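J.: As annotated in TrEMBL:
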BINDING   B:H13, B:H15, B:K96, B:D241  Zn(2+) 1 binding site
BINDING   B:H15, B:L16, B:R17, B:N41, B:H135, B:H245, B:A257  substrate binding site
MOD_RES   B:K96  N6-carboxylysine
BINDING   B:K96, B:H135, B:H169  Zn(2+) 2 binding site
DOMAIN    B:111-296  domain 'Amidohydrolase-related'
ACT_SITE  B:D241  active site
Number of protein chains: 2
Amino acid sequence: MQKFEINSPLDMHLHLRDADMLALVGPLTSKSFSGALIMPNLVPPVTTKEALLSYKDRINEACKGDGFEPFMTLFFKNDYSYEFLEEISEHIIGIKLYPAGITTNSETGVSSMDIENLRPTLENMSKLGIPLCVHGETNGFVMDREKEFMPIYESLAQNFPNLKIIMEHITTKDAVELLDKYENLYATVTLHHLLITLDDVAGGALNPHLFCKPIAKRYEDRTALLTAALEAHPKLMFGSDSAPHPKHKKECCGCAAGVFTAPIALQVLTDLFEKHKKLENLNAFVSLNAQKVYNFKAIDKKITLIKKDFTVPAFYEYKNETVVPMYAGEILPWSIESIEK
Amino acid sequence: MQKFEINSPLDMHLHLRDADMLALVGPLTSKSFSGALIMPNLVPPVTTKEALLSYKDRINEACKGDGFEPFMTLFFKNDYSYEFLEEISEHIIGIKLYPAGITTNSETGVSSMDIENLRPTLENMSKLGIPLCVHGETNGFVMDREKEFMPIYESLAQNFPNLKIIMEHITTKDAVELLDKYENLYATVTLHHLLITLDDVAGGALNPHLFCKPIAKRYEDRTALLTAALEAHPKLMFGSDSAPHPKHKKECCGCAAGVFTAPIALQVLTDLFEKHKKLENLNAFVSLNAQKVYNFKAIDKKITLIKKDFTVPAFYEYKNETVVPMYAGEILPWSIESIEK
């Protein structure tokens, strides 16, 4: 049977949540990935050294023994002092900026994307070499939010040429194109945005499990993202944005945004790259690019995938809740055969 | 308190369903409307005289005593004979064409919108003066489906100059513009498409109760629709497309398409036209235009609305089911004070 080896996969955009949910979803990533960049949008968000280190401890506890490194991020505030950032810099890989109210638990994000408003923290980050991760959406019309954010990315890139700026979970052709325009712009892309369009969310029946922010866009957008991923564009990294919510918060009126892909990410990526005859680029997309962009050496881990049916669980249980993964109950052509660390 | 009178309101696009659902939703329209154009997409669809008359009887039974006329439609088939249509013509106001699979219970719709495929029935309708009501969507990208259908409307209008063609539940600026290009093109517009955009469906949290087909579009589309309605464009008629589904089919994975607006339509229209200082045009939009387009005299009925809070029920019950209306549980500024027939 056909096999494929992924070395030290990295998920550069991940929501691990906390408490019981963390205990469930942490290992679903940590067993098969070498490391992941952890989102700080808890309630309250991670804005202090104490909160950060304590969250890191809880993650390490949930993932212990798996040979997994959580790359911590701080929730952006526009008044972080140089001293504070200098002290915390060894514990973080970047700082995540959310416009206020743009997605789950982002209520305390920045209220204005005006550069002067952000300058104090951004200058400190720039001096200290701390990358900036950005949820790049305006509060405009849902299909235009990312495209409308492009001038803000341009302005950030121009004003802070020494700052590494990561456009998180890009969903549009416009963002892919911007990647090549500024040396200091990078991006992550999710698994689901390589696979779906708005048609999958709301074209037939409404599908709450594929509802996410940014929302899935048009076919030409998906094509641009997929092309860049398959070519392992050196400035593009895999970041699942796997975002679990309890089932009752998805299948209800007022469905929460987020697609839970952690348990299927490597299997589906392998399938996707194989179908497009680009397996030779998968290790760069899912590991090497991130190590170069963020300049670190990932923990050694060898994941062997085998072309053998894998039935995705219909749900994962924790306490009295369940979480439904993408492709719940479906059969995927690739399975994880073994993990060597 | 401010009052406003609507005379003989008509809903020129309505789903009354059947059996227990019909018993519930029929009176929610028939009490306050003089008549409604009834959609034929039952399971199986209404394609015979027997089915049509029997459905009409069931509607009259559900709505009896209300002074309400159901204007029946037949489900389009491309092989209706002249003789059949001649015989049935006195019982119908039009024939409704669905592209196959485009919305709820449309599986047996036409498989090709090729004019030659439709010609036999359309020529017979044209000779007999039977209007054609169309669900105008392609099976393309969800936001483009109506726009992509415009050339088909143009081709129909050109090929059958004596056929009255009604573009049902239009949702785009393109459709509004097309209305003035061909003498034999008319349209209905729903209440919800005058009020919402895709942002209300999927911009914040996902809202299954606002999920419908065609899906709500962009702000510029809503503005074009609203402007035409407020001006009581003579070729534009009110058609709610009120489409009740049991709650469990809305608030679930795989949510059914349709917004249930029958219980609130007149109250919200009055509010909308008042806010835009166009109350003087409401009677034309909601009654007179349709009487002219379809050439009939509506049953006399006088609805007096009063500017007094109306709390929309959270749901309506039937058997072991509930149906959730638009604005469930919210307070509207206008109520129905009295109905005189």
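Placed from the backbone N, Cα and C atoms, the Cβ positions cover glycine too.
A TrEMBL annotation is a machine prediction, not a hand-curated record.
For each feature listed, report its degree of burial, its nearest neighbours and the pertinent distances within the displayed model.
T.: DSSP assigns B:K96 (Zn(2+) 1 binding site) to a strand in the three-state reduction.
Residues within less than 8 Å, Cβ to Cβ, of B:H135 (substrate binding site) and separated from it by at least 6 positions along the same chain comprise B:K96, B:L97, B:Y98, B:P99, B:I102, B:T103, B:S106, B:G109, B:E168, B:H169.
The local packing around B:K96 (Zn(2+) 1 binding site), expressed as other Cβ atoms within 10 Å of its Cβ over all shown chains, amounts to 26.
Across the residues of the domain 'Amidohydrolase-related' (B:111-296), the predicted structure has a mean pLDDT of 96.
Cβ-based neighbour count (10 Å, all protein chains) for B:D241 (Zn(2+) 1 binding site) stands at 27.
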J.: Starting from the Cβ centroid of B:H13, B:H15, B:K96, B:D241, which together make up the recorded Zn(2+) 1 site, report each further residue of the same chain whose Cβ lies within 8 Å of that point, ordered by sequence.
T.: B:L14, B:L37, B:I38, B:M39, B:N41, B:C133, B:E168, B:H169, B:T188, B:G239, B:A243
J.: If you take the centroid of the Cβ atoms of B:K96, B:H135, B:H169, the listed Zn(2+) 2 site, which other residues of that chain have their Cβ within 8 Å of it?
T.: B:H13, B:M39, B:L97, B:Y98, B:T103, B:C133, B:V134, B:G136, B:E168, B:D241
J.: For B:R17 (substrate binding site) and B:D241 (Zn(2+) 1 binding site), determine the Cα separation and express it in whole Å.
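T.: Rounded to a whole number, the Cα-Cα distance is 12 Å.
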